[in-house]
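Reading through the structure tokens given below for one structure.
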Amino acid sequence: MIRHILTISTGTLASRTLGFMRDALIAALLGAGSVADAFLVAFQFINVTRRSFAEGALNAALIPHYLRVRETEGAVAAAAFAGRVLGSVSLILICIALVLTVLMPLVIAVLAPGFVGRETLQFAINDARLMMPYFAFVGPSIVMMGVLNAEHRFMLTAFSPVLFNVTMIVVLIVLLVWRHDPLFSATVIAGAVGVAGCLQMLILVQRRPWRDGI
């Protein structure tokens with residue numbers, strides 16, 4: 001129990017520290033101005049949307065049901081259940097991501113009415129659209145984190161967010177070295193959000209418990 005607590009605490013601390021470094025590098029790259037404002041609105045929108053659709057209730061509902069199926073019907077049935085949830089969540093979030101991508105001009109105009117009539121609005125729309133794949137990837141990641149936690153495999157779930165932040169930091173350092181203009185940097189960073197989310201999802205799915213024959 002103590003070992004699990006230390007693992008989770010260490011992973012959380014590492015993720016928070018790297019997240020702070022990531023945000024500091026973003027601020028250094030984008031500075032202050034319309035490009036930075038647009039990026040921050042887009043990034044906040046993606047994070048809020050992720051929490052609304054893919055976190056909290058999903059994990060709260062998944063883990064007890066998964067454990068109940070595993071206890072009453074066995075590991076094979078639990079693996080099948082987790083696979084169905086994984087597929088369903090992926091499909092639903094892809095559909096939501098596509099709808100939000102189409103409606104992004106309206107969404108950003110509602111969230112940031114001060115951007116209307118300014119080039120900042122288009123910057124924010126473009127950034128948010130580039131980040132939308134992350135929203136689609138985060139659902140499967142959360143499903144797998146829930147399943148792995150249920151199987152007491154805490155190491156990967158505790159440290160998988162570190163991979164996201166490390167990927168982002170690498171991209172940010174490259175951009176700092178190359179000294180690109182803020183608009184180009186914001187575009188690359190927005191695209192990197194989706195890439196980092198994809199890598200996080202892939203490493204979690206690769207370690208799915210039923211792959212090892214639980």
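Just so you know, glycine gets a Cβ as well, placed from its N, Cα and C.
Going by TrEMBL, these are the annotated features:
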TRANSMEM  24-43  transmembrane segment
TRANSMEM  91-112  transmembrane segment
TRANSMEM  132-150  transmembrane segment
TRANSMEM  162-178  transmembrane segment
TRANSMEM  184-205  transmembrane segment
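Within the chain carrying the transmembrane segment (132-150), a Cβ under 8 angstroms from the stretch's Cβ atoms is held by residues 46, 49-50, 53-55, 58-59, 62-63, 66-67, 70, 82, 85-86, 89-90, 92-94, 96-97, 100-101, 104, 156-157, 160, 193-194, 196-198, 200-201, 204-205, 207-209, all 6 or more beyond its ends. Under 8 Å from some Cβ of the transmembrane segment (184-205) lie the Cβ atoms of residues 26, 29-30, 35-36, 38-39, 42-43, 46, 86, 123, 126-128, 130-134, 137-138, 140-141, 144-145, 148, 156-157, 160-161, 163-165, 167-168, 171-172, 175, all in the same chain and six or more residues away from its ends.
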